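What TrEMBL records for 1-117 is domain 'Dihydrodipicolinate reductase N-terminal'. Sequence annotations record features per position, and here TrEMBL assigns domain 'Dihydrodipicolinate reductase C-terminal' to 123-216.
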Amino acid sequence: MGRAAIAAVSKARGMELAGAIDSQCIGMDVGELTGMDEALEIPVLNDLTMVLCSIAQTRATGVVVDFSEPSSVHDNVKQATAFGLSSVVYVPKIEMDTITELSAFCDKASMGCLVAPTLSIGSVLLQQAAIQASFHYNNVEIVESRPNPSDLPSPDAIQIANNISDLGQIYNRQDMDSDNPARGQVLGEDGVRVHIMVLPGLASSTSVVLSAPERYLSCK
């Protein structure tokens, strides 16, 4: 992921790569490491504080992209914030408690931090659509298809459920307490249910179906 991010930032208009942190490949040029035609004259370092300090002193604005581990995200974001840098975090299986703590910390510091549950633009748009639509519907169910039974429910489904549960609304009131297994698994405490088809050959997909009397909306 780090190599892909380096390549994307280097090729993006109006963006400049300022540094790279890793516990491996220390000293290697990031351009050579990612297979670019030319070296970028930016070595891989393992000292986050040094790189953040350099960026804060030489750039007017900066963003730290974190692909590390759940155990180190909190400290990384705190360091970036201390140097006046916003953060984009993509760390699978990050705990909700950590996200809550980061949100409170960044609000207090008046700094931005985006915790991205996925790097798929389609998935992010799906989550935003589900949030906006959930204000207008009383029933919400998530439907997924997967070719194999790993990581079920998916991180996308869990994130969608968490997002719309934080809005303070109770969904599927008519059978919220049903323990019938055919009704799917309840995610969170607000009645959002998820149904998953696992069949070899199926493409992975996540849909959000919202409804109210005489109308429904399906977000895919």
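Residue positions begin at 1 at the first shown residue.
A Cβ is built for glycine as well, from the same backbone N, Cα and C atoms used for every other residue.
TrEMBL: automatically predicted annotations, no manual curation.
Residues of the domain 'Dihydrodipicolinate reductase C-terminal' (123-216) grouped by DSSP class, helix first, strand second and coil last, total 29 helix, 28 strand, 37 coil. Mean pLDDT across the domain 'Dihydrodipicolinate reductase C-terminal' (123-216) comes to 87 in this model.
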